[in-house]
Every structure is written in C-alpha cells, then in structure tokens.
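Novice: My structure is below; once you've seen it, I'll send some questions.
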Amino acid sequence: MVTNKKDTDENRDVQGSIVTKTSAIFPVLVGFRVINSLLTRTYFQADEFWQSLEPAHYKAFGYGELTWEWKVGLRSYAFPMLFEIIYRLVKLLAIASKEALSIICSIGAGLMLLCFPQSKLATEVARDLLTIPNEYSETVEYYGVIYAPKLFMALLAATGEYFTIKLIQKVYLKTVSKNDDQLPKLSNITKIALLLTLTNFFNCFFITRTFINSFEMILTSIALYNWDWSGGIEINTRSFTKSLFFAMFACIQRPSNAIIWIVLGFFLTINLLLRRDYTLIGRLYAKILVVFTITMLVNVVIDFYFYNQIIFPVFKFINFNFTSILSEFYGVAPWHFHLLQSLPIMLGYSLPLFIYGLFSNDSTTKNNIRFGALRQIKFVLILNIIFYSYLKHKEFRFIYPLQPLFCLLSALGALKLAGKVQNYRYLKEYVWIIPLMSMIVSIFITTFQESGVIQVMKDLHNEKDIDSVGFVMPCHSTPWQSYLHRNDIRQLWAISCEPPLHLLGKNNASIELQTYMDESDYLYENISGFIKKNFPKFTNSMDMENVNNNASMPQFPHEWPQFLIIFEQLDNEFMSRYLLDSGYVKYNKIFNSYSHWDSRRNGDLIIYYKNN
C-alpha cells in the first residue's frame, strides 16, 4: 500500500499541535505529584509495600521479609527492581556523605585538639565531631529509604498523566470534524484534561503509591498514546514500536492488561482487512512477534537476577488468579462491584461527564477508517468491565489501568457539554468548587486515614535498643523493613495469612477452600483460645526473660515480645484485661483511623512495652 501523503501530513500536524500544547504541562504535573506523594502517609492495601518496596529492600540491603508470592515465583521483579535501584543510589549517597563528613570532621577535630591540647572541653567537642558522620549517614539513608521511592513515583505518575493528556489531544485531533476550528478547542480540552486528572480523587489517593497497578496504568498510558489510531498508517513508525513494547511489558507484569490490546489489535487488523492491505498485516504481526520476543527476554533477565533461575512468573500468575479458585481466598465480590463501586470511586465527580462522553455519538473520523478511535476505546472499556466483573475476586485498583481512557471520555464529554449548557459563563464561576472538594477529601484520606500503621514503623525505627517486636493483628497490616529499616532486632514477627497453595490442582479445591483458615482467621475466631495456645502463660512470679527463655518450658509458636503492637479493637475486646499483672504497660497510643471497613482494624494503634 502507498500511504496517502495527505494523511501523513495530517498526522504530522497532529503531533505538532500536541507538542505545542503540552510543552509546559509536564513540570506542573511533576510539581503537583511531588507534593501529593509527600502528603501521602497512610495505608491503603498491603501490596503497596509487600509487592514492591519489601522485595526491593530485601535485595538492596540484604534483609527483610518476602511474602509467599516471591517464594514461589508468582511475581515479576521488574517493578520492584526500579526501587532496588533507588535504594542502592540512596546507599551510595549515604556512604558518600559519610566519607565527606569524616574528612571534614577529622580535620575539625584535629584542629580543635591542636589549638587547645589541654582543654577537656576541646577533647569532648572533638569526640562529638567524630560521631557526626555515622549519625548523619544513617539519617540520610533512612530518609532516603522513605522518601526517594515517593519522589520516584511522583515522577512516574506525572509521566503517566502527561501521556494521558497527550493521548486525549491526539484522539481529539483525529476525530473532530475537518471543518472545526481545532486549536482553540485543543487548548480547551487540554485544560479540561489537566483539571480532571489533577483533581481526580482516586488519582490523588492512589497514583503516587507504589502499587503495580499504578505502574501498569503509566505503561498503558504511554502505549495508548503511541498506538496507531489511524487504522494502519503508523504501523511502520518508531512510535508504534514503542507502543507495542510498553503494552507487552505491561501485560507481562499484569496479564489482565492484555484485554486492552487484544481489542485494539483486533480493530487494527479489521481496519487493515477492510482495506485489503495484507502486506501491512504481515508487517504488523511480524513486528508484534519481534517486539514480544525482545520484551519477554528483557523480563526473563530481570527475573533471573532476582530468582537466580529462568522463570516465567506470568504463567504462575495466570494459573493462580485466573485458572484456579485460589484467588477467591482473598475475597469475593458481586458481579456489579465495578459498576456500582469501582467506577464511581475511580471517576469521582467526573462520572456524569464520562457517562455523557460514553453515550455521545462519535465525531467525524479522519482517514476514512471504519472503526475510529472513539469507537475502539468504548469497546475496550465495555469489554474490560465485563471481563473484570466476571472475575470473582475484585478490587478497585484492578481497573486502574483504564484510567487514561476514563479521563479521555470524561474530557470529551465535558468539552461537548460545555458548548451546550446555557449560562456557561455563570457556571464557570462556580465550577471549581467540586474539583476543590475532591482534592480536600483526597488530602484528608492520604494524610490522616490509616496513618498510624505507617507512623508506628517510623517510631520503632527511632526507638533505641529493641530486642523484639510482635504484631498481633490482621496479617500485613503495616509495612515492614521498607519503613522500619533496622537489622538489629532479635525477633520481629507478625501474624501470618498464607493461602492454601496445597489446593492448587485439586478437584475438590472449592470445597476445601471454604473451610480453610489461616493464622489471622484462627486469631479472630477465638482470641482467648489463640493466645493461650500460641503464647506462654503469664504468672505473677515470672518476668519476661523467664517466660521466653526457660528451656524447660514448653515451646510456643510466638514469644511475648518487648514491644507488643495491636489495634484498639483487640485491646478493648481482650488484651487490656489479659495483660493485667503481666508486666506490660501501655507505652504509646497512635491515631490510625476514625472508622474502618474492617472491624478488626478499628481504632488507634496500641503499643505495649515490657522490659526484658
């Protein structure tokens, strides 16, 4: 096929217009998300830490804890490896700062002793100067461990939103009527898209958190922008090659992402078939094969680095989450969960705009292709929602990779609606109220709601001379070494919740799964019985050392720790009475949440202390 020169020129005009209108947006996005990330100091779900920061910390610093997924090779290491790199850079910075300060402080101490050789004060000052490098280096390393991943995620988040806005511009320019005055409306839709993405409640709450779903959304937004929306004209371009790479990389990390690209690939193939361009179809699938091979090899190398063997976590992920019933171990939601809960929460105040954009007639399609960009996007969204609704285990974040397309239809809906609403200038004076309220709510939740489980790990890091710490609460209720960052604690443990992996492949797995209980289940089914069975009994004559270290006593799964950390719900229900005369005292109480969907996590965090 000979590419139409007019079509090619139009594509170049589209790219030029997009560059012009987005040149100043990226710094705004970065600045906004940096503030967003630094304000985020609350807990949402365990995967934010245990599937990204914890394996990275384990690899970079040589200590920590890995969940069962990493022990059986269910997860790809590609996303955590980014944070390992960040951690290693932090280590280098800490070492460099220590060396630089050591030289400076040594010179200062030497001069002090040289000038005042008989002074006790000078000797003490010189001694104190020599301790500064170690203390400063440890401080630099700890703050780097906490905040460097946040800043990195802010940069990634801004990148994802930047390409989302460019995608919206690109699709808009490819679908508007040729008779429209494009540039004024392009400016308007750019402003609308920027407003929608920055003030979206779920974006502010979620996008800078270290979830694989955030990374998946960012990869998806880059791939969608570089996708061939022209019906085949751009297949031979570098841009389309980039799209394939980022799309396939996203699919390897999260196989469910493939639904997006199967639909788009189907429409691209159909458009080429309708034009009878069989040569280009051959080139398309040849390029797909080559890019897939390269992408898979890159990921295999990354996973080999972590697992020390050639492994394909993507297949184990599919087996556990899609072809077995074990994913239901983590909860089952009704079929309408995403329709009635995920979409309203993810879209927020832009939900009416999205619905309007979804059901609006498609604009005139350029390049005379049968299935235009908007029609394809609507199919992608509908089929993905159907697919995710079919899965029994559902979470809001599973559909987060669709956020660029949600934003696209919302922005187009807002642009169309703005032209039809009367007294628009009057409404314009008040339209900022709803986005502002959305941001206020998100700031409150990211700053306060469930902040205690993060703060307690920071407090433990700063505590001196810790012998042992135990968390008696639902499993993975806190981060681990990614916030504690200490390798000098003799015993550090928490209640576990291992899934029944022995049921994989069993015919009666669905029946046995219903009766399976993990350690957390046993704890809350019978708190008194669990404590008495798994911990040594207190007696008035015993101190902590006798209870935990007497070899003649029967051994228990858990020992009573120096620091015992529980939720207020457990304290009120059992622990406050049981620990009377045990030697434990309430050491601290940290605010965690005003209310919680999980009653086991209600209230503040209670820290008990007993000196060994």
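In case you wondered, yes, glycine gets a Cβ from its N, Cα and C as well.
Copying in the features that Swiss-Prot gives for the protein in this structure:
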type: CARBOHYD; residues: Asn188; note: N-linked glycosylation site
type: CARBOHYD; residues: Asn321; note: N-linked glycosylation site
type: CARBOHYD; residues: Asn361; note: N-linked glycosylation site
type: CARBOHYD; residues: Asn508; note: N-linked glycosylation site
type: CARBOHYD; residues: Asn526; note: N-linked glycosylation site
type: CARBOHYD; residues: Asn550; note: N-linked glycosylation site
type: TRANSMEM; residues: 92-112; note: transmembrane segment
type: TRANSMEM; residues: 145-165; note: transmembrane segment
type: TRANSMEM; residues: 192-212; note: transmembrane segment
type: TRANSMEM; residues: 254-274; note: transmembrane segment
type: TRANSMEM; residues: 288-308; note: transmembrane segment
type: TRANSMEM; residues: 339-359; note: transmembrane segment
type: TRANSMEM; residues: 371-391; note: transmembrane segment
type: TRANSMEM; residues: 398-418; note: transmembrane segment
type: TRANSMEM; residues: 429-449; note: transmembrane segment
Novice: How about the transmembrane segment (192-212) and the transmembrane segment (288-308): do they have 3 or more C-beta pairs under 8 A, pairs 6 or more apart in sequence?
Specialist: no
Novice: Secondary structure at Asn188 (N-linked glycosylation site) (DSSP, helix/strand/coil)?
Specialist: helix
Novice: Which sequence-distant residues neighbour the transmembrane segment (145-165)? Criterion: at least 6 residues beyond either end, Cβ under 8 Å.
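Specialist: Result: 22, 25-26, 29-30, 32-34, 36-38, 40, 53, 57, 82-83, 86-87, 89-90, 190, 193-194, 197-198, 203, 207-210, 214-215, 217-218, 221-222, 224-225, 403-404, 407-408, 458, 482-483, 485.
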Novice: Got a sec? Which of these glycosylation sites, Asn361, Asn508, Asn526, has the most Cβ atoms within 10 Å?
Specialist: Asn526
Novice: What is the total of other Cβ atoms whose distance to the Cβ of Asn321 (N-linked glycosylation site) is within 10 Å?
Specialist: 17
Novice: May I ask for the distance between Asn526 (N-linked glycosylation site) and Asn508 (N-linked glycosylation site), taken between their Cα atoms and rounded to an integer number of Å?
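Specialist: Cα-Cα, rounded: 27 Å.
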Novice: Most CB pairs under 8 Å with the transmembrane segment (398-418): which of 254-274, 288-308, 339-359, 371-391?
Specialist: 339-359
Novice: Select the range from 254-274, 288-308, 339-359 that forms the most Cβ-Cβ pairs under 8 Å with the transmembrane segment (371-391).
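Specialist: Most contacts with the transmembrane segment (371-391): 254-274.
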Novice: Over all shown protein chains, what is the count of other CB atoms within 10 A of the CB belonging to Asn188 (N-linked glycosylation site)?
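Specialist: Excluding its own Cβ, Asn188 (N-linked glycosylation site) sees 16 Cβ atoms within 10 Å.
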Novice: If we check Cα distances from Asn361 (N-linked glycosylation site), which of the glycosylation sites Asn188, Asn321, Asn508 wins as closest?
Specialist: Asn188
Novice: How long is the line from the C-alpha of Asn508 (N-linked glycosylation site) to the C-alpha of Asn321 (N-linked glycosylation site), rounded to the nearest angstrom?
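Specialist: On Cα coordinates alone, these residues lie 17 Å apart.
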Novice: Between Asn321 (N-linked glycosylation site) and Asn188 (N-linked glycosylation site), how many Å separate their Cα atoms?
Specialist: 42
